[in-house]
Amino acid sequence: MRNLSGGHIEEFVLVGFPTSPPLQLFLFVFFFAIYLLTLLENALIVSTIWLTPSLHRPMFFFLGHLSFLELWYINVTIPRLLGAFITQDSRVSYVGCMTQLYFFIALACTECVLLAVMAYDRYLAICEPLRYPSLMPSSLATHLAAASWGSGFFSAMMKLLFISRLSYCGPNIINHFFCDISPLLNLTCSDKEQAELVDFLLALLMILLPLLAVVSSYAAIIAAILRIPTAQGRRKAFSTCTSHLAVVVIYYSSTLFTYARPRAMYTFNHNKIISVLYTIIVPFLNPAIYCLRNKEVKDAFRKTVLGRCHSLGDIPD
């Protein structure tokens, strides 16, 4: 262990998932394949929405932001996990760890708020269909997306302000595959009660308030759908929000399980497994869920890919 002057830790060791070499090789190949597929899926979603004028509407505008966020998200977490499989452990400097932590918190909080904004958008589209264009103009959609990013990065800055003031004297081993809040708080040798309180309150603010907005929106959506007289009309209305609802359930359930009780989870190795769900599996599944459930996205995606293939085929030898 190398220390800075004053006894502060200069680097941390990320344990990852220590196991037998054959299993490590399998997990490396598995997560590397997921990493490449997630990059490809989300990049195609962003480019498809950008290049298709018919998708330049608030619903797809928010989806584009979500896919762009997922691209950034996996580049914060997966490279560290892959490095741990290659070298048995992954070393990260103190500054690098705090930087990774900042972007991880910012992106996680941004996703929570963005999912709530998307739920509100679906509420307006289903409950106020005639007034939807006036209630959700492109200018408001831009402001809501900017507010999602701004609140996420501001929340991360406030959390990091308290966490970075703590002292870390040793040990420097983090039982995780990336720098997360709870393992860092568990390693500090200074009083962490204030940092824990700020972390917990901001987690409640950035998780539970958006979740309350999601629940309220879907309660109104379900009530509006039940008032539709025909079964076909109810299915058509509900199909417009099932993909978003699936993503919300997966993301919020795993996030709440991890962060609702920060003290209790210190001793749980299962926390790493849950972290894999919302940092790796959810970004991987999101594009598939939205594409499979949305005909417009599927058609635009097919046209974009086929158009690109035709343009490549027209290039002379």
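Glycine too: its Cβ is placed from the backbone N, Cα and C atoms.
Remember, TrEMBL labels are computer predictions, not curated facts.
Here TrEMBL flags 25-52 (among others) as transmembrane segment. Remote same-chain partners of the transmembrane segment (25-52), defined as residues 6 or more beyond its termini with a Cβ less than 8 Å from a stretch Cβ, comprise 17, 19, 60-61, 63-64, 67-68, 70-71, 74, 78, 81-82, 85-86, 280-281, 283-284, 286-288, 290-291, 297, 300-301, 303-305.
TrEMBL lists 41-290 with the feature domain 'G-protein coupled receptors family 1 profile'.
Residues or ranges marked as transmembrane segment by TrEMBL: 59-81 (among others).
Residues annotated as transmembrane segment in TrEMBL: 101-120 (among others).
Remote same-chain partners of the transmembrane segment (140-162), defined as residues 6 or more beyond its termini with a Cβ less than 8 Å from a stretch Cβ, comprise 58, 61-62, 65, 98, 101-103, 105-114, 117, 120-121, 181, 194-195, 198-199, 202, 205-206. What TrEMBL lists as transmembrane segment is 140-162 (among others).
The feature transmembrane segment is assigned by TrEMBL to 200-225 (among others). For the transmembrane segment (200-225), same-chain residues at least 6 beyond its ends with a Cβ under 8 Å from one of its own Cβ atoms are 109, 112-113, 115-116, 119-120, 122-123, 126-127, 151-152, 155, 158-159, 234, 237-238, 241, 245, 248, 252, 255-256, 259-260, 262.
The feature transmembrane segment is assigned by TrEMBL to 237-253 (among others). Long-range neighbours of the transmembrane segment (237-253) within the same chain, counting only residues 6 or more positions beyond its ends whose Cβ lies under 8 Å from a Cβ of the stretch, are 111-112, 115, 118-119, 122, 125-126, 207, 211, 214, 218, 221, 224-225, 228, 277-278, 281-282, 285-286, 289-290, 292-294.
Among the features that TrEMBL reports, transmembrane segment is placed at 273-292 (among others). Taking Cβ pairs closer than 8 Å, the transmembrane segment (273-292) reaches residues 31, 34-35, 37-38, 41-42, 44-45, 63, 66-67, 70, 73-74, 77-78, 81, 104, 108, 176-178, 180, 243-244, 246-247, 250-251, 254-255, 257-258, 298, 301 in its own chain, all 6 or more past its ends.
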